[in-house]
Amino acid sequence: MDPFVGFGHLVRSIRRISRIGGALSLCLVHAFALCTDMRGGASLRLRWPAALVAVVAAAVTAAVAAGHGYHNFHRDFDAVWGKGNARFRDGGRMVELTLDEQTGARLQSKERFLFGRFDLEIKLVRGESAGTITSFYICSGGARHDEVDFEFLGNVSGEPYLLHTNIFSDGKGEREQQFVLWFDPTADFHTYSILWNPHNIILYIDGTPIRVFKNNEAYGVPFPTRQPVHVFASIWNAEEWATQGGRVKTDWSRAPFVATYRRYNVSNACVWDAAGAGASRCAGGGGGWMRRRMDWWSWMTLNWVRMNYMAYDYCADRKRFPHRFPAECIIPIGRTLPFHSSGL
């Protein structure tokens, strides 16, 4: 086991138990392509006893299962594209999205949300997956939309997936960051999370922060605060660019390609009341997640992920930005971790 994985899981598990105890926009692509999918360092070397990690993991699993109200895909989502390729299992608690030569599939939440924490467990397409994209994202829609993306770019058998993330605010995107995962995302389910509050947007994998986009409206950087979003899950064909820049195409002899989703959780989110005065209602008044920011441990683990697993950062692409990086890339984020170009 990678030492970081054991160490990170252990610390996050302890913290979680303590809490329980006390490129192009996906929105626009999917809106206008309903029939076919198109899309134009230092390391921590701490070793933890396996038995201790197992005990903590078991405790967390039981506590989370008891404390979270997982939602139902069949009840809470509409299959807005490729309905026949969305197969609901286990009474709607799990869904398989399939891509074949005719179509992919996309789910859209029936409710909209203004701020929240969105958790989803995903097991990606096994084996040959070149040309495919499996996604989980939130999006408001419209020309000046807000959007936060998890996109998993498939690859040839034996090669790792690439996680492509992007953030749009007020219609402006092109904030791509890509990561190589430190585990096999096809062997088991892993939890992918989007935390969105008035202070920041934080992306997590299994509780580990991998990206943060701070509210820097005071510096002229738009931040999503006004437009409610739907939650989306989809699988689609993007062979023009998804795998090795489009050099490797989808091998349809390996179809169908199947990604599985479960444990959709929006218990910590503010539901938009469209029928009322355009306000949102938050469970428990918003709770701690509405005020959550990155603490010192989160910054440390984020920095470790960036140094070891980041494959691309738009804030470091001097060919793309030869004269000046975007404003959010050069705004200082604090004296304790002075990244020179972080997109934070």
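Yeah, the Cβs are placed from backbone N, Cα and C, and that goes for glycine too.
Positions annotated as active site, nucleophile by TrEMBL: Glu147. The active site, proton donor annotation in TrEMBL covers Glu151. Annotation comment: TrEMBL describes 46-261 as domain 'GH16'. What TrEMBL lists as N-linked glycosylation site is Asn155. TrEMBL lists 20-36, 48-70 with the feature transmembrane segment.
Mean pLDDT across the domain 'GH16' (46-261) comes to 90 in this model.
Residue pair the residue listed as 'N-linked glycosylation site' / the residue listed as 'active site, nucleophile' shows a Cα separation of 25 Å.
Its own atom aside, the Cβ of the residue listed as 'N-linked glycosylation site' has 20 Cβ atoms within 10 angstroms in the protein chains shown.
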